[in-house]
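As recorded in TrEMBL, the features of this protein are as follows:
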- B:21-40: transmembrane segment (TRANSMEM)
- B:46-65: transmembrane segment (TRANSMEM)
- B:72-93: transmembrane segment (TRANSMEM)
- B:105-124: transmembrane segment (TRANSMEM)
- B:133-151: transmembrane segment (TRANSMEM)
- B:171-195: transmembrane segment (TRANSMEM)
- B:231-253: transmembrane segment (TRANSMEM)
- B:265-291: transmembrane segment (TRANSMEM)
- B:312-329: transmembrane segment (TRANSMEM)
- B:345-374: region 'Disordered' (REGION)
- B:353-365: compositional bias 'Low complexity' (COMPBIAS)
Amino acid sequence: MNDDAYEGARLDKDDVVLKTTGLEKAFGGLVATDDVSIEVDRGTITGMIGPNGAGKSTLFNLISGFYENDAGHVTVNGEEVTDLEPHERARKGLVRTFQTPRRLEGMSVREAMLVGPGPQKGESVFSLFFSGSDVTEEERANIEQTRELLERFEIGHLIDQPSTDLSGGQMKLVELARAFTTDPDILLLDEPVAGVNPTLANDIKRFIRELNEEGQTFLIIEHDMPFIMDLADPIIVLDQGKVLMEGSPDEVRSDDRVIEAYLGGAGP
Amino acid sequence: MSAVSSWVSETLVRDATERRIFAVLGLITVLLVAGVFAGVIGPRFLLFQIALVGMYALLSLGLNVQWGYAGLINFSVAAFWGIGAYCAALLTAPNSPLGLGLHPVFGFLAAIVVSALIAVLIGIPTLRLREDYLAIASLGLAEVIRAIILNERRWTAGSSGISGIPNLMSWLPLTDAATTAAIVVVLIAVVYLFLRRVHRSPWGRVLRTIRSDEDLAKALGKDTYRFKMQAFVIGSVIMAVAGAFYAHLNLYIDPSDLVPLTTFYIWIAVILGGTGSNRGAVVGAAVVIAIREGTRFLNDIGFIQTLGIDLAPLRLLFVGGLIILIMRFRQDGLLPPKDELIWPAARDGSRSGGASPSSAAPDGGTAPNGGDDR
Ligand SMILES: Nc1ncnc2c1ncn2[C@@H]1O[C@H](COP(=O)(O)OP(=O)(O)OP(=O)(O)O)[C@@H](O)[C@H]1O
Ligand SMILES: [Mg+2]
């Protein structure tokens, strides 16, 4: 595909939560992210698709600060976060999940969930000794929130299970629930239904939609086309590290360049 | 009495295997005490061994904070121990190169401050990097500290060591051996209670998360560097306190104990006891020391004398054999961690269940705020 075909994303949105400008990342000679500028509007579920190796996860890693970018900027709610550490970006409201489920060895589901809210008073050794009752109060509230959220996601019965004993789909659900407890401004989900059975995938779709209706903004990478086409609007298409186009599910579905990118693979 | 037994059953002994382990340990204790009354074991000797076990238990508790809680690989246990021991010896022994002869309190304070400082200095460049960097740096630190103590004779008396370290609290109406044994018990109790509080808390939970997946902790907004630094400093300070205590137990200190073997024993104790478990660290230390000290006497047993082989140098072999047995039959160590890291006061109100999460069948909360405030 020639370079003119890369139309780029829409950059004229009203209420931008997340914005990248000219992000670049190369691994040796391989340019994984090539001048990526995108905007995510508050309150949307924005999808991100693209063939294998298009650079979607790399872009997430750049946005969330896990990779250092070669050039470009990231802003959250208009605030520059390009030089911040991953945990500082998370505190600014930018929270991501990972493509492969993260296993918390030796933790129950309840514990794994309780890592989410933050910063907690009980995370300071000093408070543990000098304001124990505040810690108790906050911990109680968090336990209660965990219980409600798991019940809402219909996995309340798993609360005592070892978090490593869950099915892939249940793990994804716990990750989604936990990420939500951080009270993020935007949630970045990397393939939330990869390897999840269709029933559970449908549940996950329903929960994401519910959270979105309550105001949660999402940016979601997903290979499962019916899933993402049904859930997200707009959808950003990435190919060979560049933004190919952005549009509604229908526009994306009928775009020749998108079809070519998927059929042509990495070819010219 | 029932309060004590319920505390024991909820806090120390969690299942049948653990009951057996504690029964064996109890039996050994009874035998040792019986040995004292039968005149086979000198009471002074036994008290010294108790103090020694206690000191190793402190070291294991320290390493458990670093490796067991946070997954930090520290190969300089002996160095932090030595820092503590030398702080105490140099400040309190009248004939040390410094010749100050201060009160032991200052030795302990210096041990805490110096070890914390050195832990921070090692932590700053390494804790932001991948975990192996701390391992390498700490290996280096151990040798550097040993080399400094050996070679800076002007300050440390080098290989001739420092003698004349005073006893602790000799005004107590007990023999010196009984006093040191009592002190180590108190030290362990204080450290244990401190660690129990900080471990079963949001703080301990973040460390456990870092241990299994640091990126996840970062993605959830946790400043993992800060948490790792705190765990590293707390663990190192506990090790230095153990060292300062040892100086006052042995009344003499030289650099010969600052070898990697000491670090190795502590690692074994933590792994054997159950990585991440405070109870395990204490029990693991007791087992390792029992083997190390016990094998000294194997040659005195008539039957073995007739075999004509020297068994004492084989003690590492026994330790190795024990590790293989444990790994074969109890992979997670003797007393692996059982607690959910949740602030205990918060769970009583929000759950109706008891202390053990697995026994409360499907969903712990039937009565949201049932009135059982144990
Ligand atoms: N840490 C890394 N080091 C070297 N190359 C990398 C690294 N991470 C990603 N890449 C390369 O960058 C390109 C983009 O990878 P990325 O994982 O971002 O793709 P993706 O769009 O997420 O693909 P998938 O759909 O398979 O998850 C690939 O060619 C990949 O091999
Ligand atoms: Mg990917």
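Positions of Cβ are set from backbone N, Cα and C atoms, glycine also.
Here the transmembrane segment (B:133-151) touches the transmembrane segment (B:72-93). Their Cβ atoms form 3 or more pairs under 8 Å, with each pair 6 or more residues apart. Outside the transmembrane segment (B:105-124) by six or more residues, the chain places 76, 80, 83-85, 87-92, 134, 137-138, 141, 228-229, 232-233, 235-237, 239-241, 243-244, 247-248 with a CB less than 8 A from a CB of the stretch. Across the candidate stretches B:46-65, B:72-93, B:265-291, B:312-329, the maximum count of CB pairs under 8 A to the transmembrane segment (B:171-195) is reached by B:46-65. Outside the transmembrane segment (B:231-253) by six or more residues, the chain places 48, 51-52, 54-56, 58-59, 61-66, 69-70, 72, 74, 77, 80-89, 92, 104, 107-108, 111-112, 114-116, 118-120, 122-123, 127, 134, 161-168, 180, 183-184, 187, 191, 198, 207 with a CB less than 8 A from a CB of the stretch. Outside the transmembrane segment (B:46-65) by six or more residues, the chain places 32-33, 35-36, 74, 77, 80-81, 175, 177-178, 180-181, 183-185, 187-188, 191-192, 195, 231, 234-239, 241-242, 245-246, 249, 265-267, 269-270, 273, 275-278, 280-282, 284-286, 288-290, 293 with a CB less than 8 A from a CB of the stretch.
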